[in-house]
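Asks: Below are the features I grabbed from Swiss-Prot:
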type	residues	note
BINDING	B:Asp40, B:Gly169, B:Gly230, B:Gly251, B:Ser252	D-ribose 5-phosphate binding site
ACT_SITE	B:Lys97	active site, schiff-base intermediate with D-ribose 5-phosphate
BINDING	B:Arg181	D-glyceraldehyde 3-phosphate binding site
Amino acid sequence: MVVGVLALQGSFNEHVAALRRLGVKGVEIRKPEQLQNVSSLIIPGGESTTMAKLAEYHNLFPALREFVKTGKPVWGTCAGLIFLADKAIGQKTGGQELIGGIDCTVHRNYFGSQIQSFEAELSVPELVSKEGGPETFRGVFIRAPAVLEVGPGVEVLAEYPVSSTSVLYSSSAVQIQEENALPEKKVIVAVKQGNLLGTAFHPELTSDTRWHSYFMKMGSEAQEESPSSIVPVGGVDPSFNEKARIDLPIYQ
Amino acid sequence: MAGTGVVAVYGNGAITETKKSPFSVKVGLAQMLRGGVIMDVVNPEQARIAEEAGACAVMALERVPADIRAQGGVARMSDPQLIKEIKQSVTIPVMAKARIGHFVEAQILEAIGIDYVDESEVLTPADEENHINKHNFRIPFVCGCRNLGEALRRIREGAAMIRTKGEAGTGNVIEAVRHVRSVMGDIRLLRNMDDDEVFTFAKKIAAPYDLVMQTKQLGRLPVVQFAAGGVATPADAALMMQLGCDGVFVGSGVFKSGDPARRARAIVQAVTHYSDPDMLAEVSCGLGEAMVGINLNDKKVERFANRSE
């Protein structure tokens, strides 16, 4: 099983490292052709505007949308979740392109800037029932988005309570397309729709590999009928020539 | 990695775990900036150009390093009003510089809610002996270094991200390369060293022993390391990435060039595709004039990098 990790910017190395700990090979994806050789895709955390610009330049969006349409598993963390959402608010002036697929509305930088970044123990009943382990998961929220509302077909996997009087991040660049009149008591931070998974926090920044393992199981369910994927031989594999990069550790 | 008796990785707050915010959250943002380019901007318009070009963050300041060199005088923290305006004009993270040792400038920057503070040698140092105690802040800091010892000293003080000092504002990448090679070289040396020799090595580079040992075990710095100081072209940016950095700061290099928007885009591409020469060739074409820059053979050029240890 070969998992692709979109490697335009951000925490792709961390995802590859987490996959390696599960014994799965992660391949860095920078061009549309490379998507043909992978059976599932992870879109890492990072700066979503940067990734959108780079994806646009390489004409990746059509290929990514095609990938999602074929029903192959895709997991977006933080910036990746923004890409997979059908609708996003809090975008820069002029907006940014999305891949879409999860019927939800996501708010960029929901919790504010870096000072408001935090870690929280999240209650994740669905994950625990499939993967076992401790009842809670250590969610690392870095300038994180939040899902404000979901459509009927979307499963909510984790929520985070916010006080209804908390000041939301606002700037003159934010284009609020609809009014958020109701004060939120809880915002959604992990969603699943079909073979699409989205988390607003960063499992790849922790040593807890349950989300990666959960995603791999989504992949293997989808793979039951198709033949085992062959690791690509043709084309230039840039990682071949590069010295193995020694990477940052995963948190304990 | 868990339970192997190895020297602690993140989150164990070896000596000064702050109650304010866990170190892991501070470093987390740096990890999200990896593979990206952070650009110096002096007004909201430049900030928007940078965001459009694909910068993963902007550094807000009143004068880019090249201008600080040209104009002289004392360079201090920028007007918070300017920084606020820049912050309002973009959705990507915003950083700003504070003078070395000037913890009140850092407090002000934290109060206006930007994402990162750069304790920078480009500004005139406020304290010749001491740096800011970065553990006292919720906001994460990025600090410059010329060698491994300096990098680890800054990390022990609480820096959550490291960059090379290079020689800012010169458009000359020679010093940045020197500093990266020095850090990487020392790490390579350290990795092959006998554990018993690490005590003396730590003394020699004047760095805390626990961080030296952690670096030895990780085989790299325990935090994200960017390149900075003199990057002017896509080739420069890719060079720094291939030498082992996690990302690049570009200061005067973008907005002092002939076609800033185009050059900014090209540098962002170069950092993503740093090991793909065909891509690098493509993005380097037709960029217009690069910043002129300063040749460091001239002895009269002030060395910002030597301002602090």
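Using N, Cα and C of the backbone, Cβ positions are placed for all residues, glycine too.
Remember, it's a predicted structure, so these values are computed and weren't measured experimentally.
I'd like to know what surrounds each of these features in this structure.
Replies: Residues within less than 8 Å, Cβ to Cβ, of B:Gly169 (D-ribose 5-phosphate binding site) and separated from it by at least 6 positions along the same chain comprise B:Val64, B:Pro65, B:Ala66, B:Asp67, B:Ile68, B:Arg69, B:Val122, B:Gly251, B:Ser252, B:Ile294, B:Phe304. DSSP assigns B:Gly169 (D-ribose 5-phosphate binding site) to coil, not to a helix or a strand.
Taking Cβ-Cβ distances under 8 Å and a sequence separation of 6 or more, the neighbours of B:Lys97 (active site, schiff-base intermediate with D-ribose 5-phosphate) in its chain are B:Met59, B:Leu61, B:Met77, B:Ser78, B:Val117, B:Asp118, B:Glu119, B:Ser120, B:Val122, B:Leu123.
Sequence-distant neighbours of B:Arg181 (D-glyceraldehyde 3-phosphate binding site) (same chain, 6+ residues apart, CB-CB distance under 8 A): B:Leu243.
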Asks: Counting every protein chain present, what is the number of Cβ atoms, excluding its own, within 10 Å of the Cβ of B:Gly230 (D-ribose 5-phosphate binding site)?
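Replies: Result for B:Gly230 (D-ribose 5-phosphate binding site): 30 other Cβ atoms within 10 Å.
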Asks: With every protein chain in view, how many other Cβ atoms are within 10 Å of the Cβ of B:Ser252 (D-ribose 5-phosphate binding site)?
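Replies: A count of 24.
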Asks: Over all shown protein chains, what is the count of other CB atoms within 10 A of the CB belonging to B:Asp40 (D-ribose 5-phosphate binding site)?
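Replies: Its Cβ shell of radius 10 Å holds 29 other Cβ atoms.
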Asks: Taking the mean position of the Cβ atoms of B:Asp40, B:Gly169, B:Gly230, B:Gly251, B:Ser252 as the D-ribose 5-phosphate site, which residues outside that list, in the same chain, have a Cβ no more than 8 Å away, listed in sequence order?
Replies: B:Val64, B:Pro65, B:Ala66, B:Ala168, B:Thr170, B:Gly171, B:Gly229, B:Val231, B:Val250, B:Gly253, B:Lys256, B:Met291
Asks: Three-state secondary structure of B:Lys97 (active site, schiff-base intermediate with D-ribose 5-phosphate) from DSSP?
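Replies: Note: B:Lys97 (active site, schiff-base intermediate with D-ribose 5-phosphate) is in a strand by DSSP.
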